[in-house]
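What TrEMBL annotates here:
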type	residues	note
TRANSMEM	36-61	transmembrane segment
TRANSMEM	67-87	transmembrane segment
TRANSMEM	94-114	transmembrane segment
TRANSMEM	126-146	transmembrane segment
REGION	164-190	region 'Disordered'
COMPBIAS	169-190	compositional bias 'Polar residues'
REGION	205-247	region 'Disordered'
DOMAIN	250-309	domain 'SH3'
Amino acid sequence: MPAYGSVGSPSLRKMENGYGQRSQGFSLGRIIGDPFALATISIGILAWIIAFVSSIISAIHGGFPNFAWWTLVFMFFCIAGVTITVASDAERTYHVAIVGFLSAGLVFTTSSVNSLVYSPVAPFEAAAAGYILLSMITIVWVFYYGSQPQASHRTFVDSYALHKEGPGSRSSRPISNGYTNRPETQNASIPPQMYTSAQLNGFETSSPVSGYPGGPAGANGRNSSAPQFGGMGNSQTPTHDEQQQEASIEYPYRAKAIYSYEANPDDANEISFQKHDILEVSDVSGRWWQAKKPNGETGIAPSNYLILL
């Protein structure tokens, strides 16, 4: 069985690359294929145009607050930033910055509304309506981008997008199809083992090494009952070094399963779990987390099926 984290292990490729390589570059197709992004960006642009045109007419009549012009400039860049991040598929990278800028924009738009809404002049009222619509779109964006991807409302919204992958839109075995060509070289009922370099010396040379007691490979009789390959017998019991390696891994985090997950049978490094199970997690970086179940079973689990406690 290949050691955990070996070069040919699909688990390592998944932990490095996630569920697959994302396509890079700017593409309007990501906006068109996302109904939420298409609707909110369209309404935001329309609201900005209404506020901009009404502000120009109001300034001609006189008495238009200068602060509202700064609001228009700021919201222009906010809308442009959201559009670029969605089209570049960089929402998860910049969602914190987006929420910060939008929160400031919400203060500006509501202040502008307060300066315009009480005026009896029609252009002022139209400008106030544009700023109110901008405030509503900003609130929706803050609620969306300020939530974790595992949030129920965000999962529901993302399920309608063509380019986004979420737990609710995949089956319980979302990544098994990508590795169906891997040869069946292991028994799924045997737990994953971690072998040291000393135990694998017998695979590298036929000279007398510690992995072959009593001489080079083939020196023992065929009927010999001595265990081969560094003491690996038929029982497949972990050695003292392996137990020390497993014991040295700390699990400082606790996570709750928000969906059930069935491990890929072609990858012995994965673990299965049920919804509401509590797992111990050693590292929360990346899309695959090293986790331990209450029964002591360890392996990797997809992070978007878990939520930290």
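Each residue, glycine too, has its Cβ placed from N, Cα and C.
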Per-state residue totals over the domain 'SH3' (250-309) - DSSP helix, strand, coil: 3 helix, 25 strand, 32 coil
Stretch of maximal Cβ-Cβ contact with the transmembrane segment (67-87) [cut-off: under 8 Å; candidates 36-61, 94-114, 126-146]: 94-114
Model confidence over the domain 'SH3' (250-309) (mean pLDDT, whole number): 87
